[in-house]
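Here the structure is laid out as structure tokens; the discussion comes afterwards.
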Amino acid sequence: MTDAKNNLLYFFDRPNEPCFMQKGEDKVVFEIPDHYYPDKYKSLSNTLSNRFGNEATKRIPIRNITLPNLEVPMQLPYNDQFSLFVPKHRTMAAKLIDIFMGMRDVEDLQSVCSYCQLRINPYMFNYCLSVAILHRPDTKGLSIPTFAETFPDKFMDSKVFLRAREVSNVVISGSRMPVNVPINYTANTTEPEQRVAYFREDIGINLHHWHWHLVYPFDSADRSIVNKDRRGELFYYMHQQIIGRYNVERMCNGLPQVKPFSDFSAPIEEGYFPKLDSQVASRTWPPRFAGSVFRNLDRTVDQVKIDVRKLFTWRDQFLEAIQKMAIKMPNGRELPLDEVTGIDMLGNLMESSIISPNRGYYGDLHNMGHVFAAYTHDPDHRHLEQFGVMGDSATAMRDPFFYRWHRFVDDVFNIYKEKLTPYTNERLDFPGVRVSSVGIEGARPNTLRTLWQQSTVELGRGLDFTPRGSVLARFTHLQHDEFQYVIEVNNTTGGNLMGTVRIFMAPKVDDNGQPMSFNKQRRLMIELDKFSQALRPGTNTIRRRSVDSSVTIPYERTFRNQSERPGDPGTAGAAEFDFCGCGWPHHMLIPKGTAQGYPVVLFVMISNWNNDRIEQDLVGSCNDAASYCGIRDRKYPDKQAMGYPFDRKMANDAATLSDFLRPNMAVRDCSIQFSDTTVERGQQG
């Protein structure tokens, strides 16, 4: 059974090559029944089986099963793009996930996969199989290959692949030099938005967004796959933190905070030209010109027919629910939005997912915003164009408009949050615990250093129909020197205590260099870490390494570095180890800063663990990046609201962060200093 489970990973190898061809560096071949071959290969089944099987080092016989009805998922053409935001695509994917989840054992799943891989759109097949592997009890422990490894065309300049194919065909494996990905290739310096392209187009950040939506799908016949603990609240908080981080990056680069796109009839000021090619669709991703507008959609091929005015209706109904602090249910009654579960319900309404309390009334606001933005260039399909990057969770964060749309979404959530009663002293203080200081230890005290770093990602598994062997792409990304937090705490109770340490960071001044009120600064507070800590009586010195952040996952997990896997690199068996790919990339933990040193404030709070804890066993679970991703098959590991204590405003609009501080909190003025130098991975401090 273990072999059969591992064999599933071969379906991710070279996704456009038929599964009867050799897979993996160890030349594995699936021996499929004759009637599994598509019509174009049926007459050649024996020839193909012998051709690829003779050189195989391992043959995997495929069980002949009664095949399920694949009529619905096969409605998406093999060479089209696939979007979770398009309702028709969502329905097709939900059906395929249901089929994969319904297979009685791994052997049957392997069998239906071999049939589907030859017929189903590769993007949809990859997504649905990934969701099934994550959620089936008999496939847990499998590490799904990173999407950037399987479909690298979604993450980097299309010119890279011409060079990569040349290298693959001309140079033998083992002698190939990495192919360089330029750091700036979508615009030049006359475009102000290009100053933050390093953030928007970062491979790790886009992988995070893709993987988050993989862990939290919003449609499935199996409701339990979608209905995870505090899923709607996590949708709110993860995206709120993205907008907070993006705004801080903009401020570091002399740009104003991102403007919400709240007037759906207004022109979109920002254009975007992605410079990506789809290897499945054999098309260039369409651009969006500056000044584009949302237009009524009438795309029969996608079964999308919707008026822009519908967005206004859904928005107004959503705002009405917040004003009333109650949502309208399908039966006509009203369900109150309380301070504990209200944000979770609103998150499910906004996204929206199948667990939306009333999708018929509140609609599909967030998703359809993505769809309208993705089709500004061809709203009625007259030019036979497919959607732009806003239509794909793996590419959407590249587009400046993603942040304008999600700033609007976050502003709506914030209206609800501002209606909640400000936290009282009792909700904030931890009697007997006094934080006397917090600081950062690094090369220089309370100074964070950032720089450029070059790393590599494997392309070989995604280069279909080319000679085998490793082909690396070298790309440049932001990085920071590692550091540690030093927190001095005094426990005056005379007994042992447990606390939850919460660490945030925000700019010290606004876009104009002026001090910020608490209510403005709190929305720029980015979470850096959260962990439980024993506090013995008297003075405690807490040291916490930045690499242990509860927000991030390391480079090796973001990019599935083959050298870090157990076993022989390149084999399916090497991929099985306890792994979770959802988490903010660690190299983007700290904003870029400036050459002069960008002023930020570091905040630490220690709350009472007895008020925060969730009783559950976390042994063997993936829990090292829980802040933005939760924990697989467990409850969110913090009873407090996500973003606490900055998710609510203070009653006094003029109050500052210093007015907010309690004895169990401390702040420190710090600086982020950027050095415009580039180092190879492993060379930074």
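Positions of Cβ are set from backbone N, Cα and C atoms, glycine also.
The shown structure was predicted, so the numbers you read here are calculated from the model rather than taken from an experiment.
Site annotation (Swiss-Prot): Cu cation A is bound by HIS209, HIS213, and the candidate from HIS135, HIS239 recorded at this site is HIS239. Swiss-Prot names HIS366, HIS370 as Cu cation B ligands; from the candidate set HIS377, HIS381, HIS383, HIS406, the record adds HIS406 to that same site. The record in Swiss-Prot pairs CYS582 in a disulfide bond with CYS629, which is drawn from CYS622, CYS629. For the Cu cation A site, the Cβ centre of HIS209, HIS213, HIS239 serves as reference, and the other residues of the chain with Cβ at most 8 Å from it are HIS208, TRP210, TRP212, MET238, ILE242, SER393, ALA396, MET397.
Nearest neighbour of HIS366 (Cu cation B binding site) by Cα distance, taken over the recorded positions HIS209, GLU351, CYS629: GLU351. Spacing of HIS209 (Cu cation A binding site) relative to CYS582 (disulfide bond) is 8 Å (Cα to Cα, whole number). In sequence order, PHE218, GLY232, PHE235, HIS366, ASN367 make up the list of same-chain residues 6 or more apart from GLU351 (active site, proton acceptor) whose Cβ falls under 8 Å from its Cβ. Cβ proximity to the Cu cation B site centre (mean Cβ of HIS366, HIS370, HIS406, cutoff 8 Å) flags the following additional same-chain residues: HIS239, ASN367, GLY369, ALA396, PHE402, TRP405, VAL409.
Within 10 Å of the C-beta atom of HIS209 (Cu cation A binding site) sit 20 other C-beta atoms, taking all shown protein chains into account.
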